[in-house]
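Since the structure comes first, as structure tokens, the remarks are kept for the end.
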């Protein structure tokens, strides 16, 4: 049976980075990226969102919801606070970036944060749906399920995933409407070869944020949607580290 992913907590220095994973995956996708940040001296916590990382991809739909993921994000932030880390920065990839932004809106004491390929605005999610179903099918095959069972379960996912994606879209409305409350510096990473979402969503987010805070928009030429799990990962990590250090030095 494949090893199931789980929350990881890499202890380091007093400055902590809270990192959130994507909708279609788990902390596995951001683990190497987090290790890059940890090697630079930062403590990094990446919680596993509810419904993710189980032996049944259907749990993302049946046991996961934006309200639950927000509670996961809050719990992770409160854990870092209880453990005495300060300052705290928040970053998220794709879905994870939505909750990074919401945390920045909710807690002005967060020092800075950022998004990586995050769909805060309405966008065609056809490819997101296809990616999720494809990953689920691959998982079922690793579990050595029968072709008939795989076809049945993939069919169920294909039918129900749209409702979950719609729930995410509805959830982002309130976050979008409150963007002007973000005063902390924001880092936005864009993969110009994003195969799931229109890369222009990143520039759109930057445009909304610029009137009220400083924005660093970095474009990675040729990078895919999940930049943290690509050959561009180390450059992204270097840029994020520089961004955080600039924030620390400006105090």
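A Cβ is built for glycine as well, from the same backbone N, Cα and C atoms used for every other residue.
Pulled from TrEMBL, these are the features on record:
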- 16-228: domain 'Serine aminopeptidase S33' (DOMAIN)
- 94: active site, nucleophile (ACT_SITE)
- 194: active site, charge relay system (ACT_SITE)
- 225: active site, charge relay system (ACT_SITE)
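Structure with TrEMBL features highlighted.
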residue : record                           : CB count, 10 Å
94      : active site, nucleophile         : 26
194     : active site, charge relay system : 22
225     : active site, charge relay system : 23
Tell me whether residue 194 (active site, charge relay system) sits in a helix, a strand or coil according to DSSP.
coil
What's the CA to CA span in angstrom from residue 194 (active site, charge relay system) over to residue 94 (active site, nucleophile)?
11
Need one number: mean pLDDT over the domain 'Serine aminopeptidase S33' (16-228).
95
Residue 225 (active site, charge relay system) versus residue 94 (active site, nucleophile) - Cα distance in angstrom:
8
